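The structure under discussion appears below in the form of structure tokens.
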Amino acid sequence: MTEEIKDIKKYIINKKHVKFRFNAEETEKSSIRKSSEICGIDRGTLQNRKKVRLCSLLEAEKPAFIPGMNLVFMRTTITNGCIVNTEEEKELRNLYYLHEKGHVCNISPDYSGILAEGFQRLERKIAAAREALKVSDKDTADKYEYADILEEIIESIYAFVEKYAAALESDGRGEKAESLRRSVRSGAESFPEALQLLRLLHYLAWLEGEYHIGLGRFDQYLYPYYRQDRELGRITEDEALSYIEEFFLSCNIDNDLYPGVQQGDNGQSLMLGGVDTEGNDCFNELSKLCLQASRELKLIDPKINLRVNSRTKISQYEEATRLTKAGLGFPQYSNDDVVIPALLRWGYEPEDARSYTVAACWEFIIPGKGMDIPNIEAVSFPKIVNRCAEKYLADTDSMEQFCEMFLRELKAEVDSITEKVDSVFMFPAPYLSMLMEGCAENLRDICEGGIYNNYGLHGTGIACAADSLYALEKFYYEDRRISADQLVHAVQEDFSGEEDYLKLVREEMHHMGDGDPEVDKYGIWLLDTFAKEVEGRKNKLGGIYRAGTGSAMYYIRHAEELGASPDGRRKGEYFPANYSPGLSVKTKGPLSVIKSFTAPDLSKAANGGPLTLEFHDSVFRGEDGIKKVAALVQLFVKNGGHQLQLNAINAGTLKDAQKNPENYRNLIVRVWGWSAYFVELDKVYQDHLIRRAEYTV
């Protein structure tokens, strides 16, 4: 890292740029009033409001520069992203299911087209679409109006860029100003220009009011510009690294303004490596530089993901493990050998399946094509086990009968969820739509659907449910160590009076994560059952439902709603994050965990959701530690694991950070599918991280 990059980083993490911000909520409210001559919340009105809001904010934004930074564009307006008033939002909620407050999110645009040809590419698409309207009267008026909206947004973007270009000229950077003017209209001609244009495109998506907007396959769409500049001798490798680090720094300028469940949950994820559309390995020099840039900067954004497969070289795992050692929770690994076949089975085209990336956290989506909602709801497996125990345990004679009741209740739960979410409503996103295939050329907003429109259901508490089922089989149906009434009462009363049973299931029983096939069979059964129940269901856009192993924030929420469970989890104890052993489970170590959690056929439940392992930070000391962890990751992939994230943490450090947060402002941890500054998390998430088991290799 150069001294210049260090200075920029210091400026940003000390939030000196915040002095340029001002409250623009009145501008937002005014834009809503100006675009509300036509009353109501119909699609056309909302599209117009979204346009007026974005154009008003672009006009209100004031050019501001970070000293020494080549890249420009940062937020100076503070807004709330609203385009409806309280009464209108209430009306929408009465009519529809508003997922993520109705905003388009968890999406990865196609940046490559505009990087290559600029916004003139979009102008040509819109003009051609207008021309096509002359021979058709179907929805012509609405489409003409939408074409006007898109063109007005592009003109506002040009005016905004011109405002910055003029400020650059006043700052003595005339060459940068001309580069900006040209590239925004006709595309980037160099690696630095491509990064600058990408910064603009990403910035605009957040300003429009969408969120959890990913960066997709960063090392693939930028590689042609990198390779060209290196071959022509325009930049050295070190200069390229500095350009990448500047871009990564730019992702941390405005991220405190981006909404999420917690600070840091903003979806600025990028994917490295993997294969191309023909199936050839495409981890390249730029991929490696991105790993290095993230390792040197040690910041929460962007979130680094890495696609691997059974043929990935151990040297690549070792390079990635050096990034894990930095303590950022990066990279998150995705296994092409599992994910691509799953996407193919779900109906994705081969070239699209091979081009997958992740959404905000770990859900698999297709850049530029997917309007999938991969986190639309979640099924709580422990809740279903508890419900079955209360309703059926005393009247069933075998584990087989109990499992039949579980299937009945699972179906009822999935029925309820799918019925609720099928009325999902999304606000229009005209700017973002221009970055999605099939929208500008058809004058259709992405909120009406993309090339793919599938929904994903998380599955929470998988290990807790598997452990509970095994406990029922062993101690109720087989050994008769406890009666049905006693067990139900024990769970309802948080094991008061049944301390012997509690000790039995927590300390003496094997659990999912111990590598015991007798327990793991229930993890296999749960995921197979979940996948079968979801399979074949269609949403209102014709898309399918995908089963997954993720939890998102539900590992807290679902546990708070439930109370205790038959596996010995006490009331107030939370589920494990994602696809991981129970928090109170002391396993035999990471090898047994991998054995248990790769036992299921994970291609059946590949919506997303990683096995999460915590390691004491001392594990990574020395090259030998790096090699051992890298070999462990390789084993996970070769055993058929789908997704993996690692945390290098120290419980003692985390506890001290809770007591003395002022000393740990830059302490980073992996939460559920994103990384954050530990001291900025709510205490419930801090406590959960401290409780997570720390394994040694």
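Just so you know, glycine gets a Cβ as well, placed from its N, Cα and C.
Keep in mind that TrEMBL annotations are predicted by a computer and have not been checked by a curator.
Taken from TrEMBL as is:
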| type | residues | note |
| --- | --- | --- |
| DOMAIN | 1-570 | domain 'PFL' |
| DOMAIN | 577-697 | domain 'Glycine radical' |
| MOD_RES | Gly673 | glycine radical |
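As a summary of secondary structure, the domain 'Glycine radical' (577-697) carries 57 helix, 20 strand, 44 coil according to DSSP. Around the Cβ of the residue listed as 'glycine radical', the same chain contributes Gln332, Ala360, Cys361, Trp362, Gly550, Ala552, Asn578, Gly608, Pro610, Gln645, each under 8 angstroms and 6 or more positions distant in sequence. Each residue in the domain 'Glycine radical' (577-697) has a pLDDT score, and their mean in this model is 92.
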